[in-house]
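Novice: Starting off with a structure, shown below.
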Amino acid sequence: MAITPTQLLDWKRQQRPIVALTAWDTAIASVLDAAGVEIILVGDSLGMVALGYETTLPVSLDTMIHHTAAVKRGVQRALVVCDLPFLTYQESPAQAMGSAGRVLQETGAQAVKLEGGHPRMVETVARLTEVGIPVMGHVGLTPQSVHQLGYRQQGQDPATAEKILHQAIALAEAGVFAIVLEHIPSELAASITEQLPIPTIGIGAGPQCDGQVLVTADLLGLTVKQPPFAPAYLNLRHTITETVHKFSGEVRQRQFPRRG
C-alpha cells in the first residue's frame, strides 16, 4: 500500500524517523522503494547532478514531469514528491496551481514541493492545499534563491533564525504536510521540529528532525564535490571506474565476450 501524507503525520506523533532520498529514473527509484525508503523526492537538484548545470535554475517543468513520471513507474510504496522548478510557481497562486496540476495529472506523483516561506508563498501554499494538492514546504537554504542567498548555512544569527522559524510555522498553518529544513543550525531545526505538528525533514540540519533526506548521488559517492553535510556511505564513483577499466581491458585483450 502506498504511503500517504497522513501516515507521515502519524509517524511524527509516534516519533518514528522518516527516510527520504532523491531519484530521477525508474531504476534507482525501484531500488529505493524496495529498500524501504518512505519518501522519494524528484528534486530539481537533477539539474546540477544529472544534467550538468551549475545551479537548479535552468530546470524546466517539462523536465521535472519527464523524470517524475519515470520515477513513479518504478515505485509501488513510497510517497513520490516532485519539486516545482524555478519560476513555475512564484508568479501567482494560479501559476502554481497550473504547474502542480500538470505534475499530479501527468506523472502520478502524490505531492509537490515548493521553496520559500515569505507571505506570498504562504498564500500560494494555502490555495494549493485548499483544492486538495498535497504540498511539502522547504525553508532555510533554498537553492532556487542561490543568487540572493548563496549556498551558505542559513539562520546563524538570531534575526534570520527567527525569520525561518516564523516561515515554518506559517507554512504549517497554510497546510503543508511536511517541511524540508536545509542547512540550518541543528538547534534551530530542533526548535522548529518541536513546535510544528507536521514532520520536519532535515538535510544538513542536525539529527533532531523527524526525518532526513539526501541526494542519492551524494549518499553513494557519485558526485565529484561532496556537500559538507552529506557523507558518502559508498565510493560508487571509484567502483564504477574500476569496473569500466576491467571491462575495457577485457575488450581490448579480446577476452570479452568469453567463449561459452
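For all residues, glycine too, the Cβ spot is worked out from N, Cα and C.
Note that the coordinates shown come from a computational prediction; the quantities given were computed from them, not determined experimentally.
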Novice: Check Swiss-Prot for me: it has Asp44, Asp83 binding Mg(2+), so pick out which one of Glu106, Glu115, Glu123, Glu130 it puts in that same site.
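Specialist: Site partner of Asp44, Asp83 for Mg(2+), according to Swiss-Prot: Glu115.
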Novice: To the nearest Å, how far is the Cα of Ser45 (3-methyl-2-oxobutanoate binding site) from the Cα of Glu115 (Mg(2+) binding site)?
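Specialist: If we compare the Cα positions of Ser45 (3-methyl-2-oxobutanoate binding site) and Glu115 (Mg(2+) binding site), the gap is 13 Å.
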Novice: As a test of the contact definition, list every same-chain residue at least 6 positions from Glu182 (active site, proton acceptor) whose Cβ is closer than 8 Å to its Cβ.
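Specialist: Set apart from Glu182 (active site, proton acceptor) by at least 6 residues yet with Cβ under 8 Å, we have His138, Val139, Gly140, Leu141, Thr142, Gln154, Gly202, Ile203, Gly204, Ala205.
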Novice: Using the Cβ centroid of Asp44, Asp83, Glu115 as the reference point for the Mg(2+) site, which residues of the same chain not in that list have Cβ within 8 Å?
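Specialist: Counting only non-site residues, the set is Gly43, Ser45, Thr56, Val59, Leu84, Pro85, Phe86, Lys113, Leu114, His138, Pro143, Gln144.
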Novice: Using a 10 angstroms cut-off on Cβ to Cβ distances, just flag whichever of Asp44, Asp83, Glu115 is the loneliest among these binding-site residues.
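Specialist: Ranked by other Cβ atoms within 10 Å, the binding-site residues Asp44, Asp83, Glu115 bottom out at Glu115.
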